[in-house]
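Heads up: the structure comes next, in structure tokens.
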Amino acid sequence: MTTPILELSGLGKSFGAVTAAQDQSWSLGAGEALGVIGPNGAGKTSMFNLVTGTLAPDAGRIRLEGQDITGWPAAKRCRAGLARSFQVPQPFSGMTIYENAYVAATQGAGLSGAEAEETCLDVLARTGLLKKANVLAGGLTLLERKRLELSRAMCARPKVLLLDEIAGGLTENECKSLIGTIQDLRATGISIVWIEHVVHALLAVVDRLIVIDFGRKIAEGEPRAIMASKEVREIYLGIEADA
Amino acid sequence: METKMTKSLSVARATRMSGIAMGLLAVIVIVMALAPYWAGRAELRLFGEIFLYMALASLWNLLAGYAGLVSVGQQAYVGFGGYMFFALAILWGVHPLAAIPLAGLLGALIAAPVAVLIFRLRGAYFAIGTWVMAEVFRLSFAQFSALGGGSGTSLPVDIVKSLADGRAAREAAAYWLALGVVVAVVGLVYAYLRSSRGVALTAIRDNELAAKSLGIDIWRAKFTVYVVTGGLTALVGALIFLQKLRISPDAAFSVNDWTAFVIFIVVIGGIGTLEGPILGTLVYFALRETLADLGSAYLIALGVLAILIMLKAPKGLWGLVRARSGAELFPLSRRVRGLDD
């Protein structure tokens, strides 16, 4: 088997009595799309914080392309190919949408000049934000902020893209176009980890699913089989996978 | 369809207005450069002081408004620069014109270890730390007996004379140095903010979490700004005390003169914008020149004005102008041209 592009082994983190991650181990193959589900407060976003380096683990290792990045600061991890979108959008409010994208293209992907500009314009066209390119990010709606999160992460040209709940609140058509965008991204060879409550969007894209509860990975496998399993039905009682 | 659209798009920075503003600015600089030929002694002195404050304000704005390093101890560098200038000129016989940039260089050198130390502090603690550091500087230089210890010293006449022949020529030289420094400082801050590092700094200003998650090394960006700002502030300090011809620890490390007024200028002008400190300096001097006769009531008036502006226009006077007109004299923003609207 080839080296996984991203690998977590025995990752643990607790805040006092609250366990955000406990002995979490999983890996992501190159070009693979992995879905992550779990109830609110299960530790999904904390897991992203650990992987991207905004939170330091108490135990365990994280490897990117076989290299141990556990002690690396967040910025270095981004430049090495890890980019994320934030569940609670974190725009650069005093900058325009285009400038937000430009930060990612120049700082995260290390692009400059025309290449940086074209990358930004191309990504914004794909995420549907191009028409608002000159609008200040501080004045956007929540939906637009979520799209900006996705756009910025894409402009950083990552090898692994971590998406944190970007489909919530979209209309049927918007959701379809988002799925199309992410499928296009996959076609370019990017590996994706996607945390999402909108299960049908997730199932349209991912190859594999893991389920997290109380900071632990409780199930992993083929998406439809996982959704049909007893553990998931127990957690998601009342929520149907309508795909 | 949209992907096809991107082909006809371009990204522009300068606008027609910024072009006009730059032209106007060049004219102003030329007119001011000729001031020794048309202005009186008192005006020349006032203009020089205005330029030096404008430079200090632009530097503090870069530090606090962009890098988020709210220092209340920049007097440490003004005083350090002044003292280094006097030490180089008096003790080591360096020509004053060489001593000024050297004082700036030494300021940057001392700023590096200071940064490593005080960057361990966050928020309000950082601000207090900078002030404590400035006090350490003041107390240290008060022990410097070769330069008069606590009572300070004057610049010897022969050193003053080595600058230029005759009083008028010396005053013109000091004036041109001040003008040169403000043009250089504002130009440098502008060039820095336009560069890729400036983009990173502006991102840090808006959101540190997102900035570091997008590949920006926040510590290094702030360290660079702190050291560069420290060096240039020391250089301005050297010029300030070249104008004053006399230095003492209390004057050199005055928190009122070199930090409180500077913060006032930046806050009323508009923090986090290039234009703000320039506008703020002009407003501050206009107030000072008209209200100075009021004595201590003058300071109360300044305080009231600062509070009013903070409450009513938190982005300062330039923020008001920009909100009304969208004006940007120094084009930092990037605009996509060719969109449908």
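Placed from the backbone N, Cα and C atoms, the Cβ positions cover glycine too.
Residues annotated as transmembrane segment in TrEMBL: B:20-38 (among others).
Cβ atoms under 8 Å from those of the transmembrane segment (B:50-69) belong to residues 78, 126, 178-179, 181-182, 185-186, 189, 192-193, 201-202, 204-205, 208, 221-222, 225-226, 229, 232-233, 236, 239-240, 243, 258-259, 261-263, 265-266, 269, 271-274, 276-278, 280-282, 284-285 of the same chain, restricted to positions at least 6 beyond its ends. Summarising the annotation, TrEMBL assigns transmembrane segment to B:50-69 (among others).
Within its own chain, the transmembrane segment (B:76-94) has Cβ neighbours under 8 Å at 56, 100, 102-104, 106-107, 110-111, 114, 130, 133-134, 137-138, 141, 144, 146-147, 153, 155-156, 159, 229-231, 233-238, 240-242, 247, 249, 252-254, 258, counting only residues six or more beyond its boundaries. Under the heading transmembrane segment, TrEMBL lists B:76-94 (among others).
Look at TrEMBL and you will find B:100-119 (among others) tagged as transmembrane segment.
Annotation source TrEMBL lists transmembrane segment at B:173-193 (among others). Tertiary proximity for the transmembrane segment (B:173-193) is limited to same-chain residues at least six positions away from its ends with a CB under 8 Å from its CB atoms, namely 29, 32-33, 35-36, 44-45, 47-49, 51-52, 54-55, 58-59, 61-62, 66, 100, 163-164, 201-202, 228, 232, 235-236, 239, 242-243, 274, 278, 330, 332.
Within the same chain, residues 52, 55-56, 59-60, 62-63, 66-67, 69, 74, 77-82, 84-86, 96, 99-101, 103-112, 114-116, 119, 155, 163, 174, 177-178, 181, 185, 188, 192, 197, 201, 252, 258 sit at least 6 positions outside the transmembrane segment (B:223-242) and bring their C-beta atoms closer than 8 Å to a C-beta of that stretch. The transmembrane segment annotation in TrEMBL covers B:223-242 (among others).
Residues or ranges marked as transmembrane segment by TrEMBL: B:262-287 (among others).
TrEMBL lists B:294-311 (among others) with the feature transmembrane segment.
Listed by sequence, the residues of this chain that lie at least six past the ends of the transmembrane segment (B:294-311) yet keep a Cβ under 8 A from its Cβ atoms are 264, 267-268, 284, 287-288, 317.
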